Amino acid sequence: MPPSGLRLLPLLLPLLWLLVLTPGRPAAGLSTCKTIDMELVKRKRIEAIRGQILSKLRLASPPSQGEVPPGPLPEAVLALYNSTRDRVAGESAEPEPEPEADYYAKEVTRVLMVETHNEIYDKFKQSTHSIYMFFNTSELREAVPEPVLLSRAELRLLRLKLKVEQHVELYQKYSNNSWRYLSNRLLAPSDSPEWLSFDVTGVVRQWLSRGGEIEGFRLSAHCSCDSRDNTLQVDINGFTTGRRGDLATIHGMNRPFLLLMATPLERAQHLQSSRHRRALDTNYCFSSTEKNCCVRQLYIDFRKDLGWKWIHEPKGYHANFCLGPCPYIWSLDTQYSKVLALYNQHNPGASAAPCCVPQALEPLPIVYYVGRKPKVEQLSNMIVRSCKCS
């Protein structure tokens, strides 16, 4: 008579076979997305970009070079392109919002503009065309110790009575006392005061990251080519002289200020590890060792890769693409797996697993000619900045 263990073996074999077929732990690298040859992916990405650019410009085919004027681009066109490129670069330099930071309540702080009798204003020529607003960055850092904690920053101005409609523009003080355009506003006539608000989150983050002591804005009347009068007609509270006593105190309290919304420092410790991991992810994505879903570098040279000479600036750009498997949990004891099985039964050629797709995209400014006329365009969603599994 065989031992009891051998007698039970026929009964145990089906159970052992079931355990082999049914993993009890996540299949970390499992993905039903088909793997593709890297060179094939790059070629397909290049062809997709060719069609994408023509489609965004509403062109059926690349424009003819025609009689393009020789020499460099006109100065005005180049200045417009450079300002557009700088604005895009400034926006892309802003850190991505922290999902965990968004959970916490935000502390709101008001930082008043440096008063107009400060010597910093003496460095800028008084003009009927503009007003200047400067802020002490030490006060900003006291309110927001780290740039990543800043959720939103608004420049608030109290506009007094305005008799005529006026188009105004806001600029940021840049390096070498130059000014970078930020935004504009069309102000309608009004008999009552009104608060104006400009979103300057990215600018304040830059200030917090740099070591400067005083930073500022300029509000100017729109310089119209067909108008000789470019006087700033709007009266902003805090710049009118001749007030005394309590009225002057109230007037000074309502001078321009920055409204800051940030995660308090005592709640920030929890975010340190997640920020560190995300910073490492960026490095991993551009290394050859990372196999999972990540941003892969791809530089497009317009002449070499597309055979185009009609785009004058830039000569090329980093389009990038997303590639890599997306891990997910596969277990037969979940309802999700039953749905997947049913999905695969009815769609045998489809992928039920998450796939690597773009998450954040950036625009691309270009200069090109239509006949003899140069044009500056901003093409949306042309640069892959980050990827996700979806």
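Every residue gets a Cβ built from N, Cα and C, even glycine.
Remember, predicted model here, so these are calculated numbers, not experimental data.
Annotated features, as they stand in Swiss-Prot:
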type     : residues      : note
REGION   : 75-271        : region 'Arm domain'
CARBOHYD : ASN82         : N-linked glycosylation site
CARBOHYD : ASN136        : N-linked glycosylation site
CARBOHYD : ASN176        : N-linked glycosylation site
REGION   : 226-252       : region 'Bowtie tail'
DISULFID : CYS285-CYS294 : disulfide bond
DISULFID : CYS293-CYS356 : disulfide bond
DISULFID : CYS322-CYS387 : disulfide bond
DISULFID : CYS326-CYS389 : disulfide bond
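Projection of Swiss-Prot feature records onto the structure.
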{"residue": "ASN82", "record": "N-linked glycosylation site", "contacts (Cβ under 8 Å, 6+ apart)": "none"}
{"residue": "ASN136", "record": "N-linked glycosylation site", "contacts (Cβ under 8 Å, 6+ apart)": "VAL111, VAL114, GLU213, ILE214"}
{"residue": "ASN176", "record": "N-linked glycosylation site", "contacts (Cβ under 8 Å, 6+ apart)": "none"}
{"residue": "CYS293", "record": "disulfide bond", "contacts (Cβ under 8 Å, 6+ apart)": "CYS322, LEU323, GLY324, PRO325, CYS326, CYS356, CYS387, LYS388, CYS389"}
Counting every protein chain shown, other Cβ atoms within 10 Å of the Cβ of CYS294 (disulfide bond) number 18
Conformational class of ASN82 (N-linked glycosylation site) under the three-state DSSP mapping
helix
Enter the number of other CB atoms within 10 angstroms of the CB of CYS326 (disulfide bond).
21
When the disulfide-bonded residues CYS356, CYS387, CYS389 are compared by other Cβ atoms within 10 Å, fewest goes to CYS389
What is the total of other Cβ atoms whose distance to the Cβ of CYS322 (disulfide bond) is within 10 Å?
21
Stretch-averaged pLDDT - the region 'Bowtie tail' (226-252)
61
